[in-house]
Amino acid sequence: MQVMPPTPGGGPSRLFILRPVATTLFMIAILLAGIIGYRALPVSALPEVDYPTIQVVTLYPGASPDVVTSSITAPLERQFGQMSGLKQMASQSSGGASVITLQFQLTLPLDVAEQEVQAAINAATNLLPSDLPYPPIYNKVNPADPPILTLAVTATAIPMTQVEDMVETRIAQKISQVTGVGLVTLSGGQRPAVRVKLNAPAVAALGLDSETIRTAISNANVNSAKGSLDGPTRSVTLSANDQMKSAEEYRDLIIAYQNGAPIRLQDVATIEQGAENNKLAAWANTQSAIVLNIQRQPGVNVIATADSIREMLPELIKSLPKSVDVKVLTDRTSTIRASVNDVQFELLLAIALVVMVIYLFLRNAAATIIPSIAVPLSLVGTFAAMYFLGFSINNLTLMALTIATGFVVDDAIVVIENISRYIEKGEKPLDAALKGAGEIGFTIISLTFSLIAVLIPLLFMEDIVGRLFREFAVTLAVAILISAVVSLTLTPMMCARMLSYESLRKQNRLSRASEKFFDWVIAHYAVALKKVLNHPWLTLSVAFSTLVLTVILYLLIPKGFFPLQDNGLIQGTLEAPQSVSFSNMAERQQQVAAIILKDPAVESLTSFVGVDGTNATLNNGRLQINLKPLSERDDRIPQIITRLQESVSGVPGIKLYLQPVQDLTIDTQLSRTQYQFTLQATSLEELSTWVPKLVNELQQKAPFQDVTSDWQDQGLVAFVNVDRDSASRLGITMAAIDNALYNAFGQRLISTIYTQSNQYRVVLEHDVQATPGLAAFNDIRLTGSDGKGVPLNSIATIEERFGPLSINHLNQFPSATVSFNLAQGYSLGEAVAAVTLAEKEIQLPADITTRFQGSTLAFQAALGSTLWLIIAAIVAMYIVLGVLYESFIHPITILSTLPTAGVGALLALMLTGNELDVIAIIGIILLIGIVKKNAIMMIDFALAAERDQGMTPYDAIYQACLLRFRPILMTTLAALFGALPLMLSTGVGAELRQPLGVCMVGGLIVSQVLTLFTTPVIYLLFDKLARNTRGKNRHRDEDIDSSELLNGQEPQ
């Protein structure tokens, strides 16, 4: 058994210094755990901060927005409104579709929310229309979340209806089964159907009406149980030719007899194989296509989900005919991977820069290797904790590790520098390691816990911003904690074995030059410090000025929520006049697509028109524009958007709204622009008055561009005004009139064709091409009580009116959403203030409430908590420092350095044109933790000099400043160079990382210059105040040896 040497000291590091094998194995265990954790960690763009969101879609073809609202949306909303944990409920009722989006509290598991939604739908079933062709369908997906993958399916020799059928059964269903997939939508879906187009004059001439024909078709196509025959020895199942599965079979269907002669369906109608909804269309570039948009469930690993889909895609494509082409047009994971790879490169670059700084200061290869090992060990070990905490490798956690490179090396540098000082005095390396580590142990603990204290308030933040902060803060805190452990264990052990007097005194040309340079800097610093200490009030004035300037800059700097990212993907909405027809809208959509594809930065696009669960009105078209990689284009996304809008502005009668796709999606509805706020009222009439006024007012204000709203009440409505008395006299009911209209103009789904793999519909309508426009109403015939035909225009008049294209609700009340983008040079904070001002200027009534949505709402919450967050961080750090130093005064001296960091960070943000956003706030909070390190190192040594050497406070702080100048400069430069790659990043997602780097670099430069002078002056000021109030002896008793307290000893 090894005998422990009698060398005293070492503190908590003693055991590790004397047991090098155990220490090495302990570090190897941390390294292996980190490597295993890294390999198991998922990859994503950002921490998972999605609200549990479920979308409920109910289709009712032919129904007006009013009918959809009252008969479908309202009954469902009443049931959904009773669910616990519901945060927000938004609905959109348009012609033929009801879409309800349910957003739940962050704490509610998505599976629990799903169960509640299913129960609510079941409870509302009896209240829904009896002729509803499809039941409500819910999907665990946020409709505002852009698809993770977009596939375009085109064909040359096969009808698109047949292609759609194959894609739905062979591809879409299989992809929907992949873990993490929330919804697969088929835009432009030409789902096969048998279309029956009635010839109204022929129907009237034969004395028939559409209801008779509908009933005949429904009765002729059935698929029901028929039973079986069970004899003495055999059992026989009954079957029949009760189904008709093709247009040819329907043509010969006998629907009535006249004078003994059969009337077949083909006598009064055109029957064809067509699409279930012929008012849907999609294109890949300019070619007709079926577009598959694959959306993820909230909270899943997007990379793993996309990889699973891509792995199975080749096998799925093999099941399709060779003439069918499937292309992946959009893959959001490619930019996520590129962004993460860029951050990983910046992390390695930061490590290299930090090692370079260490070598320049230590001027010794052996001394450089020791902290160089501490950096990767601390970072890799963090991955193990991240795995057990359920984190992912994402931009924020990698940014935390990049910043940590400058933090984790600090502790090792302080330990090495202190041990080296004793070795250079001639002590043996082992004795120097024990003495130096024991002496510096309390400082390391102070630095670590005070820095972690800064991050504690971040853990208590709620909502989206809190989730974002939490993963960043915990990752950084773990890295710092592991760094402290490494610095108190591995670092002094390696110093004892690798450093020697000869190696430290050995010099080369670089070391001699740097030695002279640092001696010159310290000499000039000593002269400047003397002057500053002799003119304390001037220095205090400067310190106070930095505090005032920090407040002024905070008030002046533009404020935002999240940096605008260039992910190479743009979402677009094309808006046409509200009365536009489907064919006209499709033509305009293709015209715009052709213009966009000419732009040199555009690689491809998909576009879609029609009404379904993703698009509420016919006058809106959707676009998804894929840009070329950053390396292949000259401009960033804001410039490209401006250029595209200018190019399209020459197309008459349309307005194009564009917004870049972001990794962070908080909204629950797909909007035309980036930012939204909602107006709520008790009636639609109030909204119709005030929404246009507010939109018009905002359009005049400077911070806004692309101001619009989803309030559309100028759609053309053909109002059928029935003379009820005349209809009753003829034995015609309102139900019969509604049925006749629905049969003629509603693309009514009247029967179902069942096959082994799918179900198809029979669609009934009038052949409107024969009699276009309102004249088609003249062909409508009904059957009176005497069996004779009655023209609809004999009992009703047709009036053309204006009406809503869609009716929106927010939490069951009528609502309208106003959307806007920011004008060049304006911040989100300025826009929010301008909205509030506009409401006052137009004198918006009190019974109309406004509420910001999505990222704008999150911005308000973040802005409101920013100041309190910084105050909480300062208070937490004061408490920790007060406990460690057993003093009320010294923590104030240390915290006096903070305004210098704030000034530097805010100035840097303003000079580089960045806003004060969530990422910048993280940087400022981290600066609070970094900058106080300078003061801690000064004050620790000053207190020790006063206590152990009997120095005066003046001499003690003066010597502490000179003695700790090099480690202070070294640790500051290490942190600065650790942040430098983030500030200078240019790759994918650089917009997200730059504000953090700018804050860190700017704050460190300014604080480094100022705190070297302000801290000693403030130290002497508080020392003088303490002596004047309590007396000299009492003051000396209060300066307790903190390291003795830590070891359980009584103070001397």
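Glycine residues also receive a Cβ, built from the backbone N, Cα and C atoms like all the rest.
According to Swiss-Prot, the protein carries these features:
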- 1032-1052: region 'Disordered' (REGION)
- 15-37: transmembrane segment (TRANSMEM)
- 345-362: transmembrane segment (TRANSMEM)
- 367-389: transmembrane segment (TRANSMEM)
- 396-418: transmembrane segment (TRANSMEM)
- 438-460: transmembrane segment (TRANSMEM)
- 472-494: transmembrane segment (TRANSMEM)
- 535-557: transmembrane segment (TRANSMEM)
- 867-889: transmembrane segment (TRANSMEM)
- 909-931: transmembrane segment (TRANSMEM)
- 968-990: transmembrane segment (TRANSMEM)
- 1000-1022: transmembrane segment (TRANSMEM)
Long-range environment of the transmembrane segment (396-418) - Cβ separation under 8 angstroms, sequence gap at least 6: 46-47, 340, 343-344, 346-347, 350-351, 354, 358, 361-362, 367, 370-371, 374-375, 378-379, 382, 386, 436-437, 439-440, 443-444, 447-448, 451, 468, 471-473, 475-476, 479-480, 482-484, 486-488, 491-492, 495, 499, 926, 930, 933, 937, 966-967, 970-971, 974-979, 981-982, 992-993, 996, 1000
Selection from 367-389, 472-494, 535-557, 867-889, 968-990, the stretch that has most Cβ pairs under 8 A to the transmembrane segment (909-931): 867-889
Long-range environment of the transmembrane segment (15-37) - Cβ separation under 8 angstroms, sequence gap at least 6: 4-5, 377, 379-388, 430, 433-434, 437, 482, 486, 488-490, 492-493, 496-497
Residues from the same chain, set at least six apart from the ends of the transmembrane segment (1000-1022), whose C-beta lies under 8 A from its own: 403, 525, 528-529, 532-533, 536, 539-540, 542-543, 546, 889-890, 892-894, 896-897, 900-909, 911, 923-924, 926-927, 930-931, 934-935, 938-939, 942, 953-954, 957-958, 960-961, 965, 968-969, 972, 975-976, 978-980, 982-983
Selected stretch (most C-beta pairs under 8 A with the transmembrane segment (367-389)) from 438-460, 472-494, 867-889, 968-990: 472-494
Contact call for the transmembrane segment (867-889) and the transmembrane segment (345-362): at least 3 Cβ pairs under 8 Å, seq gap 6+: no
Beyond the flanks of the transmembrane segment (472-494) by at least 6 residues, Cβ under 8 Å: 10, 12-13, 16-17, 20, 23-24, 26-27, 30, 47, 369-371, 373-374, 377-379, 381-382, 385-386, 389, 391, 396-397, 399-401, 403-404, 407-412, 414-416, 419, 433-434, 436-437, 441, 444-445, 447-448, 451-452, 455, 458-459, 922, 926
